[in-house]
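Enquirer: Dropping the structure in here first, questions after.
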Amino acid sequence: MVLAIGIIYHSNKYSILLYQMEHKKKNKWGAKNKPWKRQKGQDGKEQTQQQQEGGAGKQEDYDLFQFKLGSPKFDEYYQKQFPLMPAEEFKQFTSILCEKLPVTFRVNQTEVHHESVCRMFSDPHFIEKYYQEPEGEQQQLKDGTEDLKNKALDLSQVVLARKGYYPPGDVLYEMTVPRELLKKNLGLKAIHKLVQRANDAGILTRQEIVSMLPPLLLGIEAEHAVFDMCAAPGSKTAQIVELMTCSQIYDRGGSNAQKTKGFIIANDADPKRAFMLTHQMNRLNTANMLILNHNAQNFPNLCYLPQHAPSQADPRVLFDRIVCDVPCSSDAAIRKIPSKWEKWSTGDGAALHILQARILFKGLQMLKVGGRLSYSTCSLNPVEDEAVVASALKQFRGCIQLESVSLPGFKFREGMTQWRVMTEKVGSHGEEGSFFQEFAGFEEVTPDVHRVRCIKDTMFPGHYDEETRAQLTKCLRVFPHDQNTSGFFIINRRRITSRCCCRRGAQRGYSKTSSNHWASPSNPEKVQKLQL
């Protein structure tokens, strides 16, 4: 019953690959999952150790953390990046970023009773049926925040609507209340419990709309080999499982009791997040999955055993579809991370530019001819978006091409062909002039700025020729004020030749060693074997 157990050797370190989807242990976390010891608190009542330490025990006061919303630095930076955006529209763009996101979820259409679940959520009186008027009086909390627990709601403003952005089965829903209100308001308590239990049972998945775009636009089918390079916390991986099973059921006349011929490898560099990923995947009944813990940019070549290799000439595991949702500054997701307003800096994106490019290069190397890869970030910064895409187009010239994709009813905007590279002035607070120092080209960057501010030549549009920049219009940008979502950036690429144009040394500037290039099957010390 063991799907796969392997050892990856990299940089003299061993990482044990472990995960077995078919073993459903009640104690998923092993010996670490110990019950909290109960002790008496100062008031004489029993408390768990978690509550005494201020952990996530059940709280009754519902204290809210307040953050300073908005940033003049953020506004100035993106006003310069989006010079063609009218002033009134830019105001809408920044104001909606200070609002909380609505609750969104999709019903798992691989479940037998998903149609009855959809009918329940599609009932126009669903909110009225489950809403219970709070008995307590609404009060102003000590910190001046609103009492969400006893807040009386106008039900005409609380709407659960089906969205048509999910073509496979029209199973996407959006509720016009923020997550905090759904979780804390006593009137919505029954609805919150219903959604929570359905999520735990795998009947639905709570996920933001823009986060569903990468797997949705890839055209994943039942027999595909899929690699999710930066998979945690696992919502996209769960979506991939659903799409593969839906392909088998609806396109090939199969059933959800049959195993799909394809498989998924889900990877994350953070051990804690990888364990979170296993917890997320436990909701789904599938054995066609392996969860790994490794740096995506240094991911080793996996090889089939000789008797399972599709080609004796090349035993490497190459993928039909790759989801490359890279670590980013997350400034487009600031609606759900309000603490970023105070900490926002251009240095966040600049520091990740190299890592993002290296992960993308590695993904392209592991892609089959004719296979597709989606590169995405939850950032609007062109240094993390178009600049990284352009660097891959330059290094893999003639090997890959960008694809034009769309989603009916969903609004995208074209990618940028020109952008500005800026860094914050030392000691500047915006009282006099600009917050930023701007560079027309890399030749203007001094050695100190290059070293401390992480400004690289690959960040500049002038580093790429006209033909490369013209292709960037196929990139897709999602602006939050277009359909009340977070911001997002995504592009699909197809590999068109088996010849790898990313020659040895092409990652110069992204790596200090050559260990990140393809490992040849003739070099056994670099080839890792994994039974699939």
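Glycine is no exception: its Cβ is also placed from the backbone N, Cα and C atoms.
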Enquirer: If you look at how TrEMBL annotates this chain, which of 125-148, 509-532 comes out as region 'Disordered'?
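Expert: Here TrEMBL associates region 'Disordered' with the stretch 509-532.
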Enquirer: For S-adenosyl-L-methionine, with binders Cys230, Ala231, Ala232, Pro233, Gly234, Ser235, Lys236, Asp268, Asp325, what's the maximum Cα separation in whole Å?
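Expert: This binding site's residues have a maximal Cα-Cα distance of 13 Å.
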Enquirer: If you count Cβ atoms within 10 Å of the Cβ of Cys230 (S-adenosyl-L-methionine binding site), leaving out that atom itself, what do you get?
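Expert: Excluding its own Cβ, Cys230 (S-adenosyl-L-methionine binding site) sees 21 Cβ atoms within 10 Å.
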Enquirer: Sequence gap of 6 or more, C-beta under 8 Å: which same-chain residues meet both conditions with respect to Gly234 (S-adenosyl-L-methionine binding site)?
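Expert: When sequence neighbours closer than 6 are ignored, Gly234 (S-adenosyl-L-methionine binding site) has Ala266, Met276, Leu277, His279, Gln280, Met281 within Cβ distance under 8 Å.
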